[in-house]
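Now, the feature entries from TrEMBL:
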ACT_SITE  T201  active site, nucleophile
BINDING   R229, V230, G231, D232, T252, G253, D254, G255  substrate binding site
SIGNAL    1-21  signal peptide
Amino acid sequence: AMLSLLLLAVLTPAGAASAAALPVVINTWAFRTAAETAWRVLESGGSELDAVERGCGQCEIDQCDGSVGYGGSPDESGETTLDAMIMDGNTMEVGAVADLRRVKNAIGVARKVIEYTKHTLLVGESASLFAVKMGFPYEDLTTQKSLSLYSEWLNQSCQPNYWKNVVPDSSKSCGPYKRHEEVTYKEEQTSSLRSVHNHDTIGMVVIGVSGTVASGTSTNGAIHKIPGRVGDSPIAGAGSYADSTAGGAAATGDGDIMMRFLPSYQAVEYMRMGTDPTVACQKVISRIQKYAPKFFGAIVCANTTGSYGAACNKIPGFTQFHFMVSSPLLSRPTEQVVDCI
């Protein structure tokens, strides 16, 4: 039977229903070391939550693409702050941190929120104090790289940035900004191309051999964000979602737009109704497209049988989405590609 399963896996075109087998680990982008670490944790008997925590944590250490972990995506004041979440699909417990400062292992802190508090989300300076109580070291998240990204941005009159309807004109100057006395709204559809080569998040779904689901994310957020900005990553149902009765999903891309649609929650609900994971992912993307045709984003989905898929929104410079899959049907964690819709 194993052989026919393997043949099926080889012959399955991308986008068709994938051959299903458990356990499965799926993560956004071609972050191979993260995939390998999570898979190794499962193979050595670790839990699904352990696999998610260590897999995403690997990206925090590796500074995957400069968009996860310390020393990347400095905010408007030049500081790197982190967002992360982890979710247990058996108990539906979530631990999350946002705007975390001076602590490198954001998803590790998120896990401690589940284990040692009755809360779901801790933020900012106070989240850092909690982390220190939990034994995480205070460390500077600034590096030469993030300092130079910051000074380049200042030299380019702080372009791009996230302000609108302010004086002085935020598309030409660094501010400080204040609001117009009279706001005349002009719709600006800024294509989020800025982030196409700034992969911005690791999101991961792990489904264990018994169908137990866990998910998580870690990111340093949008580069040059306004301090205090929190994106989709640490928000349950937006950045990721896990439910052991249905499946799991994780999103990546322009969090400011995507989080308004709770894409991970929506994808899991589609899978609960029996929708194929690829189709579930596609439906979520097309739903956002109606409101923001030029948004940058992608989502990965897996159901409790181990079937998985992914989808992305097609914009100039982003026509394919690469993600990692680990499963018994593959000899090793494998990079897969899907065409954007």
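From the backbone N, Cα and C atoms, a Cβ is placed for every residue, glycine too.
Curation does not apply to TrEMBL; its annotations are automatic.
Proximity note: of the listed binding-site residues (R229, V230, T252, G253), T252, G253 have a CA within 10 Å of the CA of the residue listed as 'active site, nucleophile', given in sequence order.
Of all Cβ atoms in the protein chains displayed, 29 besides its own lie within 10 Å of the Cβ of G253 (substrate binding site). T201 (active site, nucleophile) has a Cβ environment of 34 other Cβ atoms inside 10 Å. Counting other C-beta atoms within 10 Å of each candidate's C-beta, the binding-site residues D232, D254 are led by D232.
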